[in-house]
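Colleague: Quick one: the structure is below, questions incoming.
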Amino acid sequence: MVTAPFLGRAAARPIPGLSRRITCQHVSSNILLKGLRLSLQKTFGREFNSTSRLLDMIDLDKTRNIGIIAHIDAGKTTTTERMLYYSGFTRRIGDVDDGSTVTDFLPAERARGITIQSAAITFHWPPRGTTSEVDNLSGQGLDAKGLPRSAASHTVNLIDTPGHADFTFEVLRSLRILDGAVCILDGVAGVEAQTEKVWHQASTYRIPRIVYVNKLDRDGAAFGRTVREVGSRLHGWPAVCQIPWFEGGDGRFTGIADAVSLTGLLWNEAGDGKSVKAFDLAGLEAENSKLANELKRARVALVELLSEHDENMVEKFLDHEEDHLAVPSIDILRSLRKCLLDPANTIIPVFAGASFRNMGVQPLLDAVTNLLPGPIESPDPEINVGNTTGSLGQLLSGNFVVEKNTEAVTGKSKQKKKAATPAASGNNNPAASLESCSLAFKVVSDAKRGVLVYVRVYSGSLNRQSLLYNTNLNVTEKAPRLFKMYANDAVEVESISAGHIGVVAGLKYARTGDTLISCTGGKMNPPEPLNTLQLRPIDVPPPVFFASIEPHSLSEERSMQDALALLLREDPSLHVTVDEDSGQTLLSGMGELHLEIARDRLVKDFKAKATMGRIEIGYRECALSHSVAVTKTFDREIAGRKGKAGCTAVVQPYDPAEEQLGLPENTIFAEIRDGNQIVICAPGLDIVTDKHDREQSSKLPSHLDVNAFRASLFNGALSALSRGPQFTFPVHSTRVTLTCDVGEHLFGSESSASAISAAARLATQAALRDLITTSPNNSTALMEPLMNVIISVDEASLGAVVHDISSARGGHIISLDEAIPITTALDATSGVGDEVVIDVRKIYAPPDPFESPRIEDGSSMQASANQPRTITAKVPLKEMVGYLKHLRSLTAGRGTFVMHVDRFEKMSAPRQKAVLADLNSL
Ligand SMILES: Nc1nc2c(ncn2[C@@H]2O[C@H](COP(=O)(O)OP(=O)(O)OP(=O)(O)O)[C@@H](O)[C@H]2O)c(=O)[nH]1
């Protein structure tokens with residue numbers, strides 16, 4: 001038995017070569033340096049000639065951009081607080097329950113005990129000063145007693161993501177910038193619906209993940225059952241790296257046994273978790289022979305599993321005379337890592353602990369640095385340039401080809417012409433002038449430092465004072481100050497290099513999700529097509545709840561609008577519209593909690609003197625019949641200048657799910673936006689492409705190019721569609737056809753972009769109103785959000801929940817126990833989305849205390865009343881308001897659910913009548 005302070009020097013053992021494609025030893029050799037340069041060149045698509053850049057890369061090899069993802073309340077914040085404590089960044093352990101945590105630092109978060117904004121924190125593991133560089137260079141391997149700890153301190157940038165379904169978009173935004181993730185499961189609740197959802201979202205970005213089964217100290221905790229659920233619900237083979245140590249086999253949770261290093265770790269229950277007793281296998285046999293035997297079974301299962309996925313492990317196994325226990329720990333770790341980083345990976349390493357009791361967190365941190373990838377090993381990020389999707393690596397290496405969308409003027413079909421960008425031709429590569437490329441993944445308003453924009457730098461180096469071009473907003477702004485964030489403490493830096501996360505302070509426009517690029521030579525505007533570069537763009541789902549916001553007095557209006565603008569920079573899944581008729585400001589969002597938090601941020605944090613009205617469902621209004629063609633001419637002064645333009649509009653029903661309606665003659669543009677199709681026809685327009693690749697027409701006034709002409713008409717229609725003619729809800733499932741005849745509707749220099757836009761708006765509004773005049777009984781109908789609901793319950797409550805959904809809530813049960821549908825587009829070529837069929841009987845999982853005897857065909861699991869069941873249903877959103885409370889009462893507190901908008905569905909006449917009566921009674 002060894003008693004060692006967990007963070008002590010003695011505990012820090014070297015893992016040579018592990019996760020270290022680049023090590024200090026390498027730097028001493030010129031030959032290796034050359035090899036390394038070539039490998040980096042291949043990965044990053046550019047040359048690394050200077051040794052200082054190479055050293056940057058070495059630093060990157062010891063960087064982990066990691067997220068923590070999980071279901072609400074699984075213990076993310078509690079675990080993060082321990083990570084900060086053990087790594088030396090805090091002197092005491094923060095507590096979620098008394099609101100003293102570091103990561104949940106918004107007052108609203110502290111008050112509710114949940115994580116809302118993903119906080120990005122940097123710390124080092126193992127803590128600096130506790131590792132020995134001499135050990136690192138000595139090339140020793142791990143022995144059977146050794147703890148699997150890297151000898152080199154790593155920089156861990158930790159992104160804590162929210163677990164509530166309303167914040168799924170926030171989770172997605174954070175996921176984009178991660179290289180790896182820890183998925184925390186509640187050992188009592190197992191794999192929950194939200195976990196499945198986020199898990200699959202992480203698959204979209206091919207993020208390697210490890211699982212940490214937390215809360216093993218709680219009554220009813222079932223590690224074995226959770227491991228099987230990892231297999232059946234997350235669709236991977238659980239590689240059990242640790243098993244729980246229960247006192248006397250079924251008593252209190254006191255520690256873990258590590259199947260990689262064959263070590264038992266026993267924590268002192270009363271302590272802060274820094275001191276732990278480590279037992280090698282012989283010591284464990286003497287201390288707890290039952291556990292030692294289970295540990296051996298776990299080790300056999302681990303080696304067997306890895307051998308099925310990694311030929312090297314088969315070799316190691318044969319080298320060690322087919323003795324599973326004799327395979328060195330270091331080889332197991334290498335094999336685990338290799339499998340985890342393989343894009344076709346199906347292995348999920350599983351760890352155990354109880355963060356609240358301070359048990360299991362340090363080995364989890366070791367797993368983070370040992371197994372998860374650094375930025376160099378992450379997949380090349382996806383980008384969009386114009387309409388073309390590709391990867392950043394392709395762009396940097398000059399191999400990106402922009403597809404030019406030269407839509408046929410005939411409107412019959414959409415033709416695409418491939419045009420090589422200058423990027424393809426050596427020296428003219430515009431990417432050569434790219435100094436840095438970053439993604440703003442979070443905007444936070446800080447009381448002391450103002451607005452902070454969190455960025456992940458993907459290429460080059462973001463330097464202080466550089467000019468950042470925002471490709472989403474087309475504005476350039478200076479980056480006055482740069483910081484590295486340590487919880488809510490900040491250290492000012494001169495630059496943030498590729499692969500790292502940092503903060504830019506002092507930006508006025510950048511919003512969450514914007515791409516920021518800087519060019520060499522301090523250029524204000526990047527050359528085309530760089531100015532359209534978008535890193536990992538994501539689709540924002542439609543908002544389904546809204547509430548009015550009223551300032552307390554007219555004089556407060558301005559400050560309320562400023563606060564709203566800031567809120568929208570922080571969270572682009574919120575939308576603000578102004579009702580033209582009533583002048584009311586409406587805020588819409590993803591869920592009730594989403595809007596409540598927005599209100600709290602506005603009123604409590606930004607001190608806006610405003611009141612939010614009742615939160616209501618965002619219905620939609622759709623056209624049921626054709627309007628006549630209505631022509632409107634706008635003829636007024638705009639900002640002191642005469643503006644004149646005309647436009648004709650027709651509206652008609654449109655269902656994107658049905659066979660597409662043909663496009664009329666002279667169509668120059670057609671796009672689906674917010675559930676509507678906008679079609680633009682321009683008879684008489686002759687389009688030619690100039691030498692700068694811009695579309696021009698001699699028939700347009702000289703101040704307008706084709707793009708600006710199209711955009712003006714499109715925006716005019718969009719503005720009119722924000723309000724339906726009968727019920728004032730936004731219009732949906734409707735086609736607007738705008739016709740702007742260049743000979744008839746344009747009036748030379750008077751036809752400014754604003755005048756054309758205003759004409760399109762007026763014409764669309766008039767066509768919508770015409771529906772009511774022409775077909776008073778069949779003009780428009782209300783549509784409601786239909787939700788795809790996934791409910792996790794016990795077998796015992798299944799009947800009651802199914803009955804409640806289908807009878808009381810008018811839902812349709814779609815399936816029982818089917819895998820959660822993957823809602824985000826997966827890269828079909830990556831293989832990540834392929835459904836892996838896992839035979840639960842083949843999964844190794846240690847027996848749970850009080851579990852009925854193991855039956856090899858798994859039938860004991862089927863019989864259990866605690867068996868988790870999944871219900872998938874489609875239910876109108878209105879019926880799901882306040883559902884969590886009801887579900888909890890039906891399931892003795894165990895049921896959970898997630899939902900997302902499936903589509904907007906037209907209501908039946910009686911339902912519409914009931915909903916309208918309900919709305920009118922407000
Ligand atoms: N018994 C026990 N309770 C725990 C453990 N870890 C966390 N908890 C408790 O579980 C509750 C939720 O913990 P959090 O850390 O806030 O969970 P979270 O996943 O960050 O939750 P959100 O921020 O809302 O997504 C708190 O009451 C914690 O004290 C554990 O290991 N054992």
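Yeah, the Cβs are placed from backbone N, Cα and C, and that goes for glycine too.
Annotation comment: TrEMBL describes 61-380 as domain 'Tr-type G'. The GTP binding site annotation in TrEMBL covers 70-77, 160-164, 214-217. As annotated by TrEMBL, coiled coil applies to 281-308. Summarising the annotation, TrEMBL assigns region 'Disordered' to 407-431. If you look up TrEMBL, you'll see 420-431 marked as compositional bias 'Low complexity'.
I'm curious about the neighbourhood of these features; can you describe it?
Modeller: The Cβ neighbour count for Asp73 (GTP binding site), using a 10 Å radius over every protein chain in view, is 18.
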Colleague: Three-state secondary structure of Leu216 (GTP binding site) from DSSP?
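Modeller: Looking at the DSSP assignment, Leu216 (GTP binding site) belongs to neither helix nor strand, so coil.
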Colleague: Tell me the Cβ neighbour count for Lys76 (GTP binding site), meaning other Cβ atoms within 10 Å of its Cβ, over all protein chains shown.
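Modeller: Lys76 (GTP binding site): 29 neighbouring Cβ atoms within 10 Å.
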Colleague: Reduced to three states, what secondary structure does DSSP give Ala70 (GTP binding site)?
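Modeller: Strand, per DSSP.
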Colleague: Could you say whether, by DSSP, Lys76 (GTP binding site) belongs to a helix, a strand or a coil region?
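Modeller: Going by the DSSP assignment, Lys76 (GTP binding site) falls within a helical segment, counted as helix.
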Colleague: Hey, what's the Cβ neighbour count for Ala70 (GTP binding site) at 10 Å?
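Modeller: A 10 Å sphere around the Cβ of Ala70 (GTP binding site) contains 28 other Cβ atoms.
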